[in-house]
Amino acid sequence: MLPRLGCVLFCSLVVLLLSCLLLLKERIPAGSSKAHQQFLALPRSHHSQCSPNLTVVNTSLSLPSRHRLFLTYRHCRNFSILLEPSECARDTFLLLVIKSQPAHIEQRSAIRSTWGRAGSWARGRQLKLVFLLGVAGPVPPAQLLVYESWQFDDILQWDFAEDFFNLTLKELHVQRWIAAACTQAHFILKGDDDVFIHVPNVLEFLEGWDPAQDFLVGDVIRLARPNRNTKVKYFIPFSMYRARHYPPYAGGGGYVMSQATVRHLHMAMEEAELFPIDDVFVGMCLRKLGVTPIHHAGFKTFGIQQPLNPRDPCLYKGLLLVHRLSPLEMWTMWALVTDERLKCAATHKP
C-alpha cells in the first residue's frame, strides 16, 4: 500500500505544480484583485518600514546571530497581509489554523486531501481550514502561491520572513486576523502542517465545552527549563528570561481553545513583549490571563512513543491529534483510519 500511496501523492503534487504554472495567467487575469497585484510587485525587504534598535545591537554582541536579529527587530510587530482567505461563515464551529511555509506545498496538499477535507467529517458542523505563511525567498514563485490562494481560499500570508523565531509573529498576527475576520468561530485548533487531526474525535470532544468560557487543551508541558546551551535552537539567555522554569504551556504541534480564550489571548499578546519561542509565549500570555492550560492525553505533540506502535491505525482512532507525520504517512493513516473494513479489538481511548 505504501508504494502505491507514495506514487499517488507524488503524481498529485506534480499535476498541481504543472497546472499552477500553465494556468496561472489565464486563471488570474490582468484585472485581478488589487491584493494580488500588490503582492506580485511587493519588494522582499521584510524590515523596510521598521528601523533596527541599535541600542540592543550594541548590548547583544555576545549572543548568537539569530538572537541578535530577534532582539534588534523585536519591536517590529506590524506586518502587511499579502494573501488572505475569505472570512469565516457565521455558523463556523471549528477554525483549523495550520502553521506552514511557502515551500510546504506537499504538506498542504496532503492535509486538504485527508483530514483537512473537513466537510466530509463535520457531521453538520461548519469547519474552516487556514494555512499560516510568512515569506521565504523565491521558491516557490510568488505567482504559484497566488494561484494556490485563489484555487483553495485557505492561504493567510504576511510580509515577514519565515524563521523559527518569527513563529511568535504568526501567533500575534493570526490573533489579529481572527479578531477581524473570524470572530464567529466557536473553537480554534492550532497546529503544524505535519500533524494528523482526527476531526470527528475533536468535534465529539468539543461538544462538552462552552465557547464562552476560557480554556485551552493540549499536550501540556510543565516545569520546563530554559535551555542555556548556545548551540541549540531553543537557547534562551538569562538576559531574555531569568526564571528557572517556563509557565505551563501546550506543545505548539497542536492545541484547541475556546472563542473566549482567543479573544483574551489577543488582548494579552498585544500588550506582551515578544518571546522567540511561540509555545512558551502563548503560555506566558495565558499566565497573565490567569488561564491554566489543560492536559489531554489525546494530543500527541511529540508523536507516538514506544512501546506503542506509531503505525497502528486503531491507536489513531482513539486520539485527537498526532504530531510529526510526513505527507505520505498522513495519506496512509487517513486511508486506514477511514476504511470501514478496519476492525479494532479495542478502541485506544486516551
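The first residue you see is number 1, and the count goes up from there.
Keep in mind that glycine also has a Cβ here, set from the backbone N, Cα and C atoms.
Since we're looking at a predicted model, the values are computed, not measured.
When you go through N58, N166 in Swiss-Prot, the residue listed as N-linked glycosylation site is N166. In summary, of the candidate residues N53, N78, the record from Swiss-Prot lists N-linked glycosylation site for N53, whereas the others have no such entry there. Of the recorded residues, N166 (N-linked glycosylation site) and N53 (N-linked glycosylation site) place their C-alpha atoms 17 Å from one another. In this structure, the glycosylation sites N53, N166 were compared by how many other Cβ atoms lie within 10 Å of their Cβ, and the smallest count belongs to N53.
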